[in-house]
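Trainee: As annotated in TrEMBL:
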type	residues	note
TRANSMEM	27-49	transmembrane segment
TRANSMEM	69-88	transmembrane segment
TRANSMEM	100-120	transmembrane segment
TRANSMEM	126-143	transmembrane segment
TRANSMEM	155-173	transmembrane segment
TRANSMEM	185-206	transmembrane segment
TRANSMEM	226-246	transmembrane segment
TRANSMEM	252-269	transmembrane segment
TRANSMEM	281-303	transmembrane segment
TRANSMEM	309-330	transmembrane segment
TRANSMEM	351-368	transmembrane segment
TRANSMEM	380-400	transmembrane segment
């Protein structure tokens, strides 16, 4: 997308280049995308060990609750923060957060992950406060920048992020009260907010990046521009996801889920993703978005017949598919773009995408009795391999000295 504040963006780039401290702290995406990659690996290793029956987590949550929380609010929290700290300066034309303020913010995220590992040894309210400190600080910093830059059009994104934080708070409260938060409204609300963020941000960047690439390649065909249809699909998504957050087994939701899923599929088709098959850095964005409508359709079918399509399978199409693949796609592209590197996915990065997509499909199969053992373990191993390779591949990019960008 075109930068509405090119002169201010040049100033931001100059400030990044003047930073003389650790390169990792020269821009928000660097430490937080690194944290997301590392946590995607470590959290899955711990989850695999827990699946063997060996308790390694000193957490007040049940193992499934910890796994769900750390994927939705731990991994995604870091990925979202890296995106927001990179995008907000572009939205507002204000200077990026870097250096020691960025180190403190990243440290808050790390403290949240650590305290969730040993939450059984820490008073519950303190666990909740330490875990929520990071997203609340990020929200406050982002809101300050958006208001100072009078960037009103991006307030809905911060509203959705606030909803995401509320979901995390509810998750903690359910855990403190001895509930099963992985099946509770906190997880569903946090997930709903994440899906709406994907819907909103994806609707901006996917057709824009696709159009730019097609023009550069001299190909025919252009993605449909944002219009009334997109707004209708988004509004319907808000309503059905809020309803699902409150009452997930309500039969009346099923046909609406199916209808909204169809709307998202049609929206995706209008972006003509098949034309990008020659560039993995682009088609993975379309693939990540595809898991959003597939999740709607699967959840609708699960409400109607949970035996034919188990709830866990539908849920993972959203969580591992929509969130996992889309965040991977965004982190991949943003890291290359802001490091001044060519926007191209080579063979190693393409392999990463295939590994994570394969992990999602296996996890869907693992929701069925008989396949839940081997399929879930193989899914976890593919996830581990994909994110380990991703982190190793991008480590030099995140830790390298910033280079001048051309405008």
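Including glycine, each Cβ sits where the backbone N, Cα and C put it.
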Trainee: Between the stretches 69-88, 185-206, 351-368, which wins on the count of C-beta pairs under 8 angstroms to the transmembrane segment (281-303)?
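Mentor: Comparing 69-88, 185-206, 351-368 against the transmembrane segment (281-303), the winner is 185-206.
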Trainee: Does the transmembrane segment (155-173) reach the transmembrane segment (252-269) with at least 3 CB pairs under 8 A, where each pair is 6 or more residues apart?
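Mentor: Output no: the transmembrane segment (155-173) is apart from the transmembrane segment (252-269).
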Trainee: Determine whether the transmembrane segment (185-206) and the transmembrane segment (226-246) share at least three Cβ pairs under 8 Å, counting only pairs 6 or more apart in sequence.
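Mentor: When sequence-distant Cβ pairs are counted, the transmembrane segment (226-246) touches the transmembrane segment (185-206), since at least 3 lie under 8 Å.
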Trainee: Are there three or more C-beta pairs under 8 angstroms joining the transmembrane segment (27-49) and the transmembrane segment (380-400), sequence spacing 6 or more?
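Mentor: Since 3 or more Cβ pairs under 8 Å link them, the transmembrane segment (380-400) and the transmembrane segment (27-49) do come into contact.
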Trainee: Per the definition of 3+ C-beta pairs under 8 A with sequence separation of 6 or more, do the transmembrane segment (27-49) and the transmembrane segment (100-120) touch?
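Mentor: Contact between the transmembrane segment (27-49) and the transmembrane segment (100-120): present.
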